[in-house]
């Protein structure tokens with residue numbers, strides 16, 4: 001109560017009988033904490049973390065294949081054959097899953113793109129082969145490692161299809177670097193085809209898999225992770241162990257960390273927040289038609 | 001909790017009465033105030049006019065006031081404004097949005113020189129966006145001067161940039177003597193941002209000079225209904241909402257016209273809407289307005305529309321209402337506190353809600369039940385006056401004049417305690433460096449050797465003594481202070 005008995009009001013236009021630094025019991029009553037904060041469930045987060053793990057394993061798979069080719073234990077013809085088989089299988093699956101989708105490209109257009117791409121890669125593979133000849137091998141490896149790291153960091157995990165331009169470019173740059181150290185032009189062609197398959201097309205298929213048949217997604221991710229670990233194990237058991245530990249930390253420990261940190265979240269909202277415009281105002285500009 | 005609040009409430013009342021007693025006892029105490037902000041004329045805006053009007057009223061009440069800001073292009077050095085208001089335009093580098101760079105140190109020699117020359121007792125900094133204001137607070141505390149800070153804006157808590165700026169504000173305000181906010185919402189915001197004791201935060205609203213904003217119904221065309229918008233055309237002012245409202249209502253009401261004053265990046269949105277719906281004759285974009293032209297635009301309208309998404313006080317709606325317009329505004333920030341319900345229609349910040357509010361007011365305007373502009377003006381002119389703002393600010397000065405400025409050791413302890421172990425330690429270190437720098441400056445040029453400036457304003461002000469007009473005015477104000 002003020003001097004004249006009137007209760008305090010949160011208005012400026014009235015001269016009230018309270019001092020200017022008066023603090024009412026209603027002070028901060030409109031304060032809201034953690035509005036709209038998501039409550040995560042552990043296993044749901046683990047599922048989503050599977051996407052990160054499988055992307056890391058994809059990198060391991062490509063590196064394993066490259067290593068085998070580099071050592072001459074894998075001929076480019078075998079790799080190409082395997083790639084084509086995988087591509088056909090994957091494409092069939094992709095079409096089968098996308099039956100309900102509208103605005104699909106026709107099969108003919110897909111074939112055309114694939115042909116153009118294969119022809120160009122094949123034609124340019126001698127050029128790619130000699131591209132980094134004047135650069136020392138160590139530099140090439142360091143560059144490839146850096147670019148693969150950039151690929152993993154910039155990969156759009158929230159919306160993996162189509163893969164983000166920065167992550168895709170980084171991955172292809174790394175593949176070109178590695179491929180240029182292989183013994184022949186056909187090797188380069190096989191390596192690039194394989195890289196495109198893993199870095200460009202596989203995320204699209206995986207994304208569709210997650211959309212249409214969510215229950216199969218964790219299995220797919222686990223399969224890829226297992227493939228990556230197994231491939232690396234045949235080359236270097238120590239590396240495989242490290243990869244396994246990393247994958248386990250990514251999928252099991254990091255979600256735990258997120259859940260633990262989420263409890264400490266303290267977000268403040270109140271009347272001072274900037275209002276957000278929720279309506280779609282672009283339709284007004286798009287016109288009355 | 002309730003107990004504590006009640007205890008706090010009692011404390012407020014007690015301190016309130018002691019305030020009054022202090023004012024009665026030291027009614028004649030005059031302060032040498034230095035207003036510091038990056039934002040001052042020739043820059044235009046709410047902060048600028050606040051500093052100017054407040055300074056003028058404080059001078060009329062017999063205090064000495066100088067203003068410190070950075071050089072604006074060719075405007076550098078010292079300028080005198082009306083009634084001997086001295087402005088220092090210091091040669092400091094501008095970084096971004098008219099705010100100077102801050103290194104915590106480089107401005108100390110210049111600011112110390114001003115503070116010593118002018119025999120400053122109170123440093124009053126304005127606007128949390130101004131680096132110079134924070135610097136001056138920091139140096140003033142090092143020099144042992146009492147400090148006041150006025151916050152003019154609201155800030156969120158969610159993103160990284162606001163987390164960082166809020167930390168800086170905590171550092172800057174943790175040992176400031178008193179803080180002034182322009183609305184209760186702004187006070188809540190500042191108390192949360194800077195983790196302050198709410199008792200050292202006063203709410204003193206902005207004001208509008210009612211004689212600058214008088215209605216003139218003859219200037220408006222009553223055969224049509226004109227909606228006036230005067231605002232910078234930026235996202236925060238909700239110009240996207242305005243772009244949604246215009247076609248909606250223009251299709252419904254053929255006699256509705258929009259008059260939009262202001263400039264900014266969102267002008268494109270309005271131009272596109274105008275183009276798309278062929279409204280060139282009904283939506284007029286006037287571009288940037290000078291302050292003196294605002295009234296001439298306002299009086300041409302029937303309805304004043306404000307679509308801001310965030311606002312600490314919003315002087316624009318008071319100006320609109322003062323010109324006798326019906327005000328429609330979004331219900332954000334401190335706006336609901338500013339005008340009584342019969343002068344404003346509050347809406348949610350959505351196109352549909354604003355359209356609804358506008359349609360209601362249009363209907364009232366058509367039916368002729370809208371209050372007369374002169375009556376609205378007569379109501380508004382009693383609500384906010386600069387003299388009232390000055391009187392309340394004076395009380396703050398009187399109150400902190402009796403307070404002690406923290407000595408260095410306690411200041412360091414306060415910084416470490418209030419600002420966290422990392423930031424607190426860093427800024428405690430900076431405070432020590434600042435103190436050593438000050439000692440060096442005092443050794444190079446001792447305070448006793450610094451020239452004392454001529455007082456143009458204040459108790460021994462030369463301008464005040466020379467003009468008989470001021471002599472007539474001053475006793476009148478003293479009387480009004482005594483009677484209140």
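Quick reminder: no glycine exception, Cβ is built from N, Cα and C everywhere.
Sequence annotations record features per position, and here TrEMBL assigns transmembrane segment to A:49-68 (among others).
The annotation transmembrane segment is assigned in TrEMBL to A:74-97 (among others).
What TrEMBL lists as transmembrane segment is A:140-158 (among others). Remote same-chain residues near the transmembrane segment (A:140-158) are listed as 51-52, 55-56, 59, 63, 132, 164, 166-168, 170-171, 173-174, 177-178, 180-181, 199 (criterion: CB distance under 8 Å, separation of at least six residues from the stretch ends).
Summarising the annotation, TrEMBL assigns transmembrane segment to A:188-205 (among others). Remote same-chain partners of the transmembrane segment (A:188-205), defined as residues 6 or more beyond its termini with a Cβ less than 8 Å from a stretch Cβ, comprise 55, 58, 61-62, 65-66, 69, 76-77, 79-80, 83, 86-87, 90, 93-94, 117-118, 121-122, 125-126, 128-129, 151, 160-163, 168, 171-172, 175-176, 178-180, 182.
When Cβ-Cβ distances below 8 Å are used as the criterion, the transmembrane segment (A:217-235) is approached by residues 47, 50-51, 53-54, 56-61, 63-65, 67-68, 206, 209-210, 243-244, 247 of the same chain, each at least six residues removed from its ends. What TrEMBL lists as transmembrane segment is A:217-235 (among others).
Residues or ranges marked as transmembrane segment in TrEMBL: A:241-261 (among others).
The list of residues near the transmembrane segment (A:74-97) in space but at least 6 beyond its ends in sequence, with Cβ under 8 angstroms from a Cβ of it, reads 65, 68, 104, 107, 110, 184, 186-187, 189-191, 193-194, 197, 201-202, 204-205, 208-209, 212-213.
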